[in-house]
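Swiss-Prot annotations:
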- Arg25, Glu87, Lys130, Lys464: (6S)-5-formyl-5,6,7,8-tetrahydrofolate binding site (BINDING)
- Asn236, Thr255, Ile257, Thr260: K(+) binding site (BINDING)
- 236-241, 255-261, 280-283: GTP binding site (BINDING)
- Ser240, Thr261: Mg(2+) binding site (BINDING)
- 226-386: domain 'TrmE-type G' (DOMAIN)
Amino acid sequence: MLTTDSDPIVAIATAPGRGGIGVVRISFGRAGEAAAQPLMQALTGQTLAARRASYVPFLDASGDALDRGIALYFPAPHSYTGEHVLELQGHGGPVVLQLVLQRCIDAGRAFGLRLAEPGEFTRRAFLNDKLDLAQAEAVADLIEASTEAAARSAGRSLDGAFSRDIHALVEDVITLRMLVEATLDFPEEEIDFLEAADARGKLARIRERLGHVLSEARQGALLREGLSVVLAGQPNVGKSSLLNALAGAELAIVTPIAGTTRDKVAQTIQIEGIPLHVIDTAGLRDTEDEVEKIGIARTWNEIERADVVLHLLDARTGMTVEDEAIAGRFPAGVPVVRVLNKTDLTGLAPATRALDADLDLSEVRLSAKQGDGVALLREELLRIAGWQAGAESVYLARERHLIALRAAEEHLATAAAHADQNSQALDLFAEELRLAQDQLNSITGEFSSDDLLGVIFSRFCIGK
């Protein structure tokens, strides 16, 4: 069946499973009030007042009540989607919700009512200018938030904080483009428009503001995605003990027998609101045990995908030949923290130090068993992540936002280089400003392909 963005659509808007309340939502698309009024009459036996809660029966085709609950009618454009919307809020049992949903589809078949696709209600809100693209993505991020900090940041994006900063940057770039275009269009004038309007100073200020927005977006991306942290090292160096210490719970089995962990144990923990996906892995060593070999192979697969590797060492022996061989296989470009564990058996005090800034290699001494120095490791992980403690204005951001912001930053840097050249480079200056503007507009959806929209909204749940 060929679907369009103007079809009437319906879906269950609440999460699957049993609950006190279940919501069925209809957005009437191009059919509008011509479909809304007769469908309300068929489903509730009443004509509903706009934006007023009515306690009504939800009727089947014979006029018998399937359920009773609250019906809300939102005429366009004052609704979530910007279209005429009807919500039936009844009991949250899966059977009764499916009955009400099917009744809606049957009653609305004459108007082309169909089941909504994932994210289609929010897509309509975007297409009808109720939300821009960054705000629409924030709806999904708010639903999926795994920490309080992520939820609050998603809320800021939904309220438009991120979008307002992007729109302000776009307006500044447009103003600067106008100055450049004026200079190009009137070359015979003696006035230097760029010099008179302090164009270079304006560009510098735009780049400074963009840098601030990018910094906030990076923080938001951390809150959304978190970090993948892999515990690696020889058997019996305390990897499982460290996982338990970081999590504050007995998640992994700890014994003095080397090779106890044969497969990965994964746990997501929070540090200052950042989700850390910590993975305890099988000890790395030469072995003839076929099961253990499989676990070791999986360990290396996890290391290849890690954002950070915690290389655990026994503080009593330090870096051994075997540890050197393990470290030599770590992927380039991945930050590594050498964790000297079991300091309680050596008399060493917990401490942190940088080993190689260029390689992002550092060292933390701690005792996972006693908990001494674990706080230092948490601080080191925050440093590696680039987290700025106490950030209050963070908005949740996605990888595509960061890519667009970095691209805009590069175009503005190139524009600045052209601005310092002679007037023959002005057309290149103007072009780089245009490209920067396009990148910024792609964040809010001012310039977005249908393919991009399809990918974004397909990841929403049905009913949103």
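A Cβ is built for glycine as well, from the same backbone N, Cα and C atoms used for every other residue.
Projection of Swiss-Prot feature records onto the structure.
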residue: Arg25; record: (6S)-5-formyl-5,6,7,8-tetrahydrofolate binding site; DSSP class: strand
residue: Glu87; record: (6S)-5-formyl-5,6,7,8-tetrahydrofolate binding site; DSSP class: strand
residue: Lys130; record: (6S)-5-formyl-5,6,7,8-tetrahydrofolate binding site; DSSP class: coil
residue: Asn236; record: K(+) binding site; DSSP class: coil
residue: Ala282; record: GTP binding site; DSSP class: coil
Which has the fewest other Cβ atoms within 10 Å: Arg25, Lys130, Lys239, the binding-site residues listed?
Lys130
Which of the listed binding-site residues (Asn236, Ser240) has the least company, meaning the fewest other Cβ atoms within 10 Å of its Cβ?
Asn236
Around the C-beta of Ala282 (GTP binding site), how many further C-beta atoms are within 10 angstroms, looking at every protein chain?
27
Restricting to the chain of Glu87 ((6S)-5-formyl-5,6,7,8-tetrahydrofolate binding site) and a gap of 6 or more, list residues whose Cβ falls under 8 Å of its Cβ, or answer none.
Ala13, Val23, Val24, Arg25, Ile26, Ala71, Leu72, Phe74
Rounded to the nearest angstrom, how far is the Cα of Lys130 ((6S)-5-formyl-5,6,7,8-tetrahydrofolate binding site) from the Cα of Asn236 (K(+) binding site)?
57
For Ser240 (Mg(2+) binding site) and Ala282 (GTP binding site), determine the Cα separation and express it in whole Å.
10
Within the predicted model, mean pLDDT of the domain 'TrmE-type G' (226-386)
85
